[in-house]
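Quick look at what TrEMBL annotates:
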- Glu175: active site (ACT_SITE)
- Cys132, His174, His178: Fe cation binding site (BINDING)
Amino acid sequence: MVDALFIYDPLFIINYLLPLHPQKRYTMVLPIIAYGDPVLRKVGVEITPDYPNLKALIANMYDTMEASNGVGLAAPQVGLAIRLFVVDAAPFADDEDLSKEERDFLLGFKQTFINAQMIEEVGEEWLFNEGCLSIPGVREDVSRRPKITISYLDENFHPQTLTVDGLVARIIQHEYDHIQGVLFTDKLSSFKKQLIKNKLTNISKGKVKVAYRMKFPDAPKRR
């Protein structure tokens, strides 16, 4: 039987529990860091293969993304300002307007991106309604270019270059923004930003209903 332990502090798991009990598999669904936390505004630093318990961190990020019904998750969203994000496009395959080829591609696209660098974004910009696990309850149309080329290291630190378009390109652009300290709300017009200002303030204070665990930077401290 595999031992499972639910703990919500990534640094506690990585730096304390895993070194003590390397034979155990700690199942950890991490809390999502909410809008307003400074870590979401930091440019992620590059990591090396000896980053502490990296494989466990990646596995936990996938678990967290799945538990939160997301298609992408970046390390800053779990409190770590490093250049790491994961993508699983399968949930987007439910769109009935997709061709079989498009659906199959989305179902099969699951990838870890380490130390990614965007090489180019090309094509005529298109709008798509985006949301973010760190900004629950807020969705807005965001303009992005349809095709990208990105270089990165996979989870085995093998160099890769990927050219992709459509929904997968958009997911990657959104997650890449996270490791650059950028949020999708930054791309909105001044008018739109003003409309959602109160919502964002409430999110930072924890005044929002969510179906997954979060950490709110401005929530009242429990006594």
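Cβ from N, Cα, C; glycine included.
Mapped onto this structure are the features recorded in TrEMBL.
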| residue | record | Cβ within 10 Å |
| --- | --- | --- |
| Cys132 | Fe cation binding site | 23 |
| His174 | Fe cation binding site | 24 |
| Glu175 | active site | 25 |
| His178 | Fe cation binding site | 23 |
Beyond the site residues Cys132, His174, His178: chain residues whose C-beta lies within 8 Å of the centroid, for Fe cation: Gly72, Ala74, Gln77, Glu130, Leu133, Ser134, Glu175, Asp177, Leu183, Phe184
